Amino acid sequence: MLYSLARPMLFSLAPERAHELTLSMLDKAHKLGMMRQTVEAKPTTCMGIEFPNPVGLAAGLDKNGAHIDALAGLGFGFIEIGTITPRPQSGNPKPRLFRIPEAKAIINRMGFNNDGVDKLIENVKASKFRGILGINIGKNADTPVEKAVDDYLICLEKVYNYASYITVNISSPNTKNLRSLQSGDALTELLQTLKARQLELAEQYNHYVPLVLKVAPDLTAEDVEFISAQLLDFKIDGLIVTNTTLSREGVENLPYGNESGGLSGAPVFEKSTECLRLFAQTLKGQIPLIGVGGILSGEQAAAKQQAGATLVQIYSGLIYTGPTLVKQCVEAMT
């Protein structure tokens, strides 16, 4: 109700300014004790972790983990922060975020703007949140792709003791050549190296933190087969399906529809759900799947579950539907 009143004002602002203002308003409401949405318990076990409910916040909304406590008040079963990189970086030039309200869509080319992994850890330590926290890791834009593994290792080692699970993001279209890590020897080397280090860290801390891969929706059936085989070979703990798409289907003739970047929101639902279905058929339940992409209703969250997801995540849907979407999704899922 409150969001439906605030939305016209927020949509009158530049998208990035509205994003900042929304988080600021959430923080203030949380501090005043006004931010507590009651969501039914629906315990879901995934990757050896019991989630209070299967609906999470996707990475990208809180890149630096600076708003965890306020976001927790919306009733999410888990929160994923990031994408974080070893060193701070400003991301791509503005404007880099575009609403397409006619299609309930967003195009972004943010470029992993963040304050760096050390600042994120400071924020996590300052948070009172004791729920399930995913940390999404990436590489710096100026790190050559052939040295990308080094950046992921730095982040993995630093966040390991602060995360419930760690997501390896190799699917953003907004960092040059990043998606090349989804194929061939590059993926093999990345997964092999990170898995070996994960096991060493588990021994060091006497605590196992699951490792999750996040992939793009713009994959062929052959890509799905290859990635699935790699996930099984290296015993990766989970897969997030999917990130944003490079396709412009559904927005090509709309204002901002041809801006470069990743498309999210309603137009990516079918594409990401089909990708999810393909991975589910290939992996046959051996690795749990987290469905994300275009969820704007409880029915769509349930559809992700029917396509093979154990958990779902939302982000763009929150912008168009508001925080009640969390409750709708939890109620619709089994």
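Here the Cβ of each residue, glycine as well, is placed from N, Cα and C on the backbone.
What Swiss-Prot annotates here:
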BINDING   A59, G60, L61, D62, K63, T83, N136, N169, K214, T242, G265, G294, Y315, S316  FMN binding site
BINDING   K63, N108, R109, M110, G111, F112, N169, N174, N243, T244  substrate binding site
ACT_SITE  S172  active site, nucleophile
For the recorded substrate site formed by K63, N108, R109, M110, G111, F112, N169, N174, N243, T244, which further same-chain residues have Cβ atoms within 8 Å of the site's Cβ center?
G60, T83, G91, S172, P173, T175, G261, G262
Non-local Cβ contacts of N136 (FMN binding site) (under 8 Å, 6 or more apart, same chain)?
A59, E80, I81, G82, T83, I84, I166, T167, N169, K214
Could you say whether, by DSSP, K214 (FMN binding site) belongs to a helix, a strand or a coil region?
strand
Cα of Y315 (FMN binding site) to Cα of the residue listed as 'active site, nucleophile': how many Å, rounded?
15
In the structure shown, which of the binding-site residues A59, L61 has the fewest Cβ neighbours within 10 Å?
L61
Looking at the recorded positions R109, G111, S172, N243, whose Cα is closest in space to that of K63 (FMN binding site)?
G111
From binding-site residues L61, G111, G265, the one whose Cα lies nearest S172 (active site, nucleophile):
G111
Binding-site residues: G111, G265 - member with fewest neighbouring CB atoms within 10 Å:
G111
Site of maximum Cβ density within 10 Å, from binding-site residues K63, R109, K214:
K214
Tell me the Cβ neighbour count for Y315 (FMN binding site), meaning other Cβ atoms within 10 Å of its Cβ, over all protein chains shown.
20
Express in Å, rounded to the nearest integer, the largest CA to CA distance found among the substrate-binding residues K63, N108, R109, M110, G111, F112, N169, N174, N243, T244 named in the record.
16
Within 10 Å of the Cβ of N169 (substrate binding site), how many other Cβ atoms can you find? Include all protein chains, please.
27
Max pairwise CA distance, angstrom, over record-listed FMN binders A59, G60, L61, D62, K63, T83, N136, N169, K214, T242, G265, G294, Y315, S316:
20
Mind giving me a neighbour count for N243 (substrate binding site)? Other Cβ atoms within 10 Å of its Cβ, every protein chain shown.
26
